[in-house]
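Here is the structure we will look at, set down as structure tokens.
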Amino acid sequence: MTDMWSLKICACLGLLLLFKPIDSMGWQGPKVDCTANGTQTECPVACPETCEYSGNGPCVKMCGAPCVCKPGYVINERIPACVLRSDCPKDVVRKEDMLLGVSNFKCFSRNYNCS
């Protein structure tokens, strides 16, 4: 089990990676390619629905990756991109919740190196 300090440190590091200063007046998320079926948003949930996870389980209270899928689409973490639920890999077993899902979505943008 992760202690509270580790969780807070992880949350701060995640936000620093997602946002960069634009000037002394505020912050702005980086420009990202959210693929054809996704869109950029300021603070999406950290545990969205994916091919593997329902998105209904408990989740950390912080911003997730900068992209969200359009209605009817879910994240396929293998690509990563938004796909129709029916286009998810057939070998994926759906689960109700994910543990610290934020780190699972760091690659959901072509601006991140995920190799």
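Cβ atoms are placed via backbone N, Cα and C, with glycine included.
Taken from Swiss-Prot, the feature signal peptide covers 1-24.
Neighbour density for CYS67 (disulfide bond): within 10 A of its CB lie 25 other CB atoms from the protein chains shown. Taken from Swiss-Prot, the feature disulfide bond covers CYS34-CYS67 (among others).
Among the features that Swiss-Prot reports, domain 'TIL' is placed at 34-88. Averaged over the domain 'TIL' (34-88), the predicted model reaches a pLDDT of 85.
Taking Cβ-Cβ distances under 8 Å and a sequence separation of 6 or more, the neighbours of CYS43 (disulfide bond) in its chain are CYS63, GLY64. CYS43 (disulfide bond) carries neither a helix nor a strand DSSP state and counts as coil. For CYS43-CYS63 (among others), the entry in Swiss-Prot reads disulfide bond, with the evidence type similarity to another entry.
Summarising the environment of CYS59 (disulfide bond), the number of other Cβ atoms within 10 Å of its Cβ, over all protein chains shown, is 19. According to Swiss-Prot, the disulfide bond annotation covers CYS47-CYS59 (among others).
Taken from Swiss-Prot, the feature disulfide bond applies to CYS51-CYS88 (among others). The Cβ of CYS51 (disulfide bond) has VAL74, ILE75, ASN76, GLU77, ARG78, VAL83, ARG85, CYS88, PRO89, VAL92, ARG94 as same-chain neighbours under 8 Å, each 6 or more residues away in sequence.
A sphere of 10 angstroms centred on the C-beta of CYS69 (disulfide bond) encloses 23 other C-beta atoms. If you look up Swiss-Prot, you'll see CYS69-CYS82 (among others) marked as disulfide bond, on the strength of similarity to another entry.
Cα to Cα, CYS69 (disulfide bond) and CYS47 (disulfide bond) are separated by 12 Å. Figure note: comparing Cβ neighbours within 10 Å for the disulfide-bonded residues CYS63, CYS82, CYS88, the maximum is reached by CYS82. Counting every protein chain shown, the number of other Cβ atoms lying within 10 Å of the Cβ of CYS47 (disulfide bond) is 23. Within the set of disulfide-bonded residues CYS34, CYS67, CYS82, the entry lying nearest in space to CYS47 (disulfide bond) is CYS67 (CA atoms). Helix, strand and coil counts under DSSP for the domain 'TIL' (34-88) come to 3 helix, 18 strand, 34 coil.
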